[in-house]
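Enquirer: Would you mind keeping the following structure in view while I ask a few things?
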Amino acid sequence: RFGGSRGGPPSGKFGNPGERLRKKHWNLDELPKFEKNFYKEHQEVEQYRRSKEVTVKGRDCPKPIVKFHEATFPNYVMDVISKQTWTEPTPIQAQGWPLALSGLDMVGIAQTGSGKTLAYLLPAIVHINHQPFLEHGDGPICLVLAPTRELAQQVQQVAAEYGRASRLKSTCIYGGAPKGPQIRDLERGVEICIATPGRLIDFLEVGKTNLRRCTYLVLDEADRMLDMGFEPQIRKIVDQIRPDRQTLMWSATWPKEVRQLAEDFLKEYVQINVGALQLSANHNILQIVDVFQLCYIQHEKENKTIIFVETKRRCDELTRRMRRDGWPAMGIHGDKSQQERDWVLNEFKFGKACILIATDVASRGLVFLT
């Protein structure tokens, strides 16, 4: 199933993405040293892994933390956490934070909706604040690679919220949007860059950014990126990053292709698994199937309905039919521009259109609509 053409790398007249990038030859003796181990282990952690179905593979894995203060995050991180309504870290955060703060490479396998974004972003913020300031012409210190623009935008929202307290700048670069604003962000200097592989390759090839300063690399939804055919671009990008970086890979599944990627990119990594390895979606959800007439949906003004369809054509047809019959429906799929998609999602989010018809382009990352 991996390496398919859907959503994958361009071919034909577009050439071979990354062909002008040459693998860098790093001399570790000449590179400036950087600090990446900031973790101090807390004591009260007995029985936690078993109760939360957390399994760990690898050497020297620190024990999980059970309360936010046990992660020993600096005040600028804790101040933002304290404003939230959470009572305790999620299992992937509880085990992932100590690992990431210790400077270790890691693979996190967890169901979607597990809190993995904060599991890698909060340690990234701590990591960045322990590195020298960016100088003119420097690229990002933290690079997050994501398969889709929707996920990249979602991660960017979290990075902006939590990075603001320590004045860290972040940007999100992806295809389907104007390059100008993205280039300006990169040229001004950002500590955190969230990117889809194709657009990042474009900017690296023409020298609009570089990865010389990158010491914290995140591969988010690695299985999804391989499924979309991005492996060649990922390998080209990683070749531009110093080999003693810290790398965190996140995946919902653990097939052999993802395992091979981990073996190639990570050093002496620790693998965290929450739940069963076969999970690819959140199974901690009670799914109740009810069949309703549309008239019942219309009378419940506060409710929102998402209808998933298989094809873009079906999405457009159903949207037209429903709007013709007076239903407040809007459609979203991959042929719509990024500006159109953002507008449709905002209309749905704020209740101006209570029915959203979508292809699988919207099947992931819709958590930000709530």
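Each Cβ is built from the backbone N, Cα and C atoms, and glycine gets one as well.
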Enquirer: What range among 66-94, 153-181, 182-210, 327-355 does TrEMBL record as motif 'Q motif'?
Expert: 66-94
Enquirer: Counting by DSSP secondary structure, give me helix, strand and coil numbers for the domain 'DEAD-box RNA helicase Q' (66-94).
Expert: 16 helix, 0 strand, 13 coil
Enquirer: State the mean pLDDT for the motif 'Q motif' (66-94).
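Expert: Overall, the motif 'Q motif' (66-94) comes to a mean pLDDT of 89.
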